[in-house]
Amino acid sequence: MIRWIRQQLGFDPPHQSDTRTVYIANKFPQHGHYIPQRFADNRIISSKYTIWNFIPKNLFEQFRRIANFYFLIIFLVQVSPDTPTSPITSGLPLFFVITVTAIKQGYEDWLRHKADNEVNGAPVFVVRSGSLVQTRSKNIRVGDIVRVAKDETFPADLVLLSSDRAEGTCHITTASLDGETNLKTHYAVPETAVSQSVSRLESLQAVVECQQPEADLYRFVGRITVTQQGEEIVRPLGSENLLLRGARLKNTKEIFGVAVYTGMESKMALNYKCKSQKRSAVEKSMNTFLIIYLGILLFEAILSTILKYAWQAENKWDEPFYNQKTDQERNSSQILKFISDFLAFLVLYNFIIPISLYVTVELQKFLGSFFIGWDLDLYHEESDQKAQVNTSDLNEELGQVEYVFTDKTGTLTENEMQFRECSINGIKYQEINGKLVPEGMTEDSPDGSVDEKNGEEELFLKAVSLCHTVQISYDQTDGPGDPFSHANGFSPLMEYYASSPDEKALVEATKSCLSARRYKLLHILEFDANRRRMSVILQKPSVVCVCVCVCVCVRVFVSRLQDKVQETIESLRLAGIKVWVLTGDKHETAVSVSLSCGHFHRTMNILELVQQKSDSECAEQLRRLALNEHTFQKANNSLKMIKEDHVIQHGLVVDGASLSLALREHEKLFMEVCKNCSAVLCCRMAPLQKAKVVRLLKTSPEKPITLAIGDGANDVSMIQEAHVGIGRCRIGEDVACNSNAYWYTVCLSSWCIHMFCRANQHFTGTASGEELKDISKNSLLSFKTFLYWTFLGFCHAFVFFFGSYILMGEDTTLMGNGQMFGNWTFGTLVFTVMVITVTLKLALETHFWTWMNHFVTWGSIAFYFIFSLFYGGIIWPFLHTQDMYFVFVQLLSSGSAWFAIIIIIITCLFPDVIKKVFYRHLQPTSTQKSQVSVRLPPQTLEL
């Protein structure tokens, strides 16, 4: 127990050496001085709280927020004796905010626990004590031999020991890890590949030595030592021998593997970059403004305390006849009295920071998140899935995004290739309805030449259909049978699995062009850089062996894009949002997809930072790129004078190795090049490199709002690093990105800006995005705007108080019976003027009126009057004093009071109205221009 606690606190890590030694089947050495290494269990923990730490940890996190901590201090001061206001005024709203937030976060964490329990409780089979036993996934230990069947996911990171194939190979898909649906082949070493039964595995004497866990999905270094007949055989291990957790076994009946990384030490889990809860720019700005107002509050409290003692310097005010001091008050410490008075003024003035603002913001975020889930454009009908909002803290960031970072495979593309055309002996052929048709001819040509194949065409189709590494799976639901016994020669239940989508597309294209024939595969000569081709050696009944090579031809494939990707990228570009594609694909493939999806366009000046070998070489290339951009910028300035539409844009291509060099010592120069590019493509990227690129932009001096979208475990770090993260669901595959990251799960290829615009359209009744320009880059949260509204608030407060004071001078009678107004009536008058003025000021700032706006605006004023009449018209037995009894009724019964209310409101709002009219005609905002364009007919606009 003590060791576990030390591990949780980070004082006693489970492993301390650079390598780990794994004894297969946990057959440890028998000598006495061996000390086994400690490894993590196989539980996946994405939750944040436990039943024991939820209350203290959640309260600690909530009171780390400046606003909550401030209101807690005010509440504690109000609880003390002689407080001028009731602690309920601060305590009740604070309790409401804390409780609602705790319930929301507790429910979200309960969903994480539920998902974790499903994963950790999944049934698995392990070899123990000479038999195959079923247990739960969380019970797998490092060293256990695990059996995985076809179409199951690997419960831990396993080193492949054997499979049902004699050569010890298996095929997997890693769609949930890197978004790729291609079939990947993994291998067992020959010494363990023969152990295909539980009994042979139980007798296996082997040790795996490998590196400690790391997040890189594509790197694994180790070795396996197998003891056979007293002789030790050592074989190297690489990434082709490691089966990653989250990957899925395909086209293989079963495999056996030894667990080397388990639980939170698996590569998939290590890609869950630990992040604290994300805070929106609005919340951060509110915290900054709160600190400023806190400084103002402290200044006011100190100044008022000093003025109080200055006023009480005269004895007649220090101890008037109607308020004599007690002996205890006369003998009390002056320092304690000063502190007590300071705290009293602090409580009196604490409403300068209204807790109701934070209650309103929290409710707005929570209710606003429902509109994302209700959006039909984000609903996937086939899987009956809607957009899932895992946190409502980031809603307002959706309309402020300046940079979008996206994965390629599975996000921009569907990772499927379609065969389109080829060239055979100089003749171009097109694929039409499953047939190869020479260019210029159609499928229904009258001469029937389409169905006839010459020798060259036949040879091409045979070579393509035989020279490949595609695996075929037969789904024999009706029992075993001959897959070639169907009418067309092929079973309709055949399923192809390939290591690349283009190879699969080739085989599928030739399937409908040839009849079924039997060949026996003898050997494969893999593709290499010297031969520039692959070959297979086959055997058929009439010939001993045949060597087949792929013909020299041109094959054209089309990578299928996600729906509306081109339109989305173009819309984002027109909105001023820059799109960066971060992918692990090779340079040529990534550039091709960028061009096809519209990320790069043909007229763009493409800059490249690839294959850099040293820091000096990288720096020189960056300087050349910066100079190139500067030259084109001069050309742009000249071109803009001719025609604005043909401004030359830049696109940048950078690979992972060059990026590492650029970020090492030339970060500033690299950022200068990137900021002048309208599109950036980063290829051959490791998962953590993606996060570094996002952090690079996020922490730049401009502090842009970033968004990342992906669909695999290699995208998790990038998604967590960005301000807003979107995890795209993969229909039919397990999604490795679960709810411990704060992101939105969005079906299909919908993007964040669609969410914001849909909500905006619902509230405002307009689909135009022109009005969004006024709030771009959080312009309304600028310090200049903050100072303006703060100054305006002080001016209005000045008018409220001194306007009421002047109209209620010492010799002024405002009540009908000739009585003077008292302090409570004076305060009620000031407060009434404030409520009406502030509400009308909000009405002046409203751009679009709906029934909801009318209801809230005018209902607020009506509710104030109704509540004040109700509260002041009843003697409340639980109140100690009845100072407000009948005060509001007497105030409203005075015609002079109504006159004062109207005069003060007009005095406050008249300058605002004049300013709005002046600016609307001379310097209209984008919103006002949009309103004019909607209201005026087209012919008026043309004038």
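Yeah, the Cβs are placed from backbone N, Cα and C, and that goes for glycine too.
TrEMBL annotations:
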ACT_SITE  D407  active site, 4-aspartylphosphate intermediate
BINDING   D407, T409, D711, D715  Mg(2+) binding site
BINDING   D407, K408, T409, E503, F527, T583, G584, D585, R684, K690, N714, D715  ATP binding site
DOMAIN    36-90  domain 'P-type ATPase N-terminal'
DOMAIN    124-186  domain 'P-type ATPase A'
DOMAIN    774-925  domain 'P-type ATPase C-terminal'
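All protein chains considered, the CB of N714 (ATP binding site) has 33 other CB atoms within 10 Å. Secondary structure counts, DSSP: the domain 'P-type ATPase A' (124-186) has 7 helix, 37 strand, 19 coil. Listed recorded positions: D407, T409, R684. The one with the lowest count of other Cβ atoms within 10 Å of its Cβ is R684. Considering only the binding-site residues F527, G584, R684, the residues lying within 10 A of D407 (active site, 4-aspartylphosphate intermediate) on a C-alpha to C-alpha basis are G584.
Binding residues for ATP (D407, K408, T409, E503, F527, T583, G584, D585, R684, K690, N714, D715) extend across at most 31 Å, taking the greatest CA-CA distance. Every protein chain considered, the tally of other Cβ atoms within 10 Å of the Cβ of F527 (ATP binding site) stands at 12.
Cβ neighbour count for D715 (Mg(2+) binding site): 36 (other Cβ atoms within 10 Å of its Cβ, all protein chains included). Rounded to a whole number, the distance between the Cα atoms of G584 (ATP binding site) and T409 (Mg(2+) binding site) is 9 Å.
If you measure from the Cα atom of G584 (ATP binding site) to that of D711 (Mg(2+) binding site), you get 13 Å.
Around the Cβ of D711 (Mg(2+) binding site), the number of neighbouring Cβ atoms within 10 Å comes to 26.
Taking the domain 'P-type ATPase A' (124-186) as a whole, pLDDT averages 88 in the prediction. Geometry remark: F527 (ATP binding site) versus D715 (Mg(2+) binding site), CA distance 30 Å. Broken down with DSSP, the domain 'P-type ATPase N-terminal' (36-90) shows 27 helix, 0 strand, 28 coil. Around G584 (ATP binding site), taking its Cβ as the centre, 25 other Cβ atoms fall within 10 Å, counting all chains. For the pair D711 (Mg(2+) binding site) and R684 (ATP binding site), the C-alpha distance works out to 17 angstrom. In this structure, the C-alpha atom of R684 (ATP binding site) lies 13 angstrom from that of D715 (Mg(2+) binding site).
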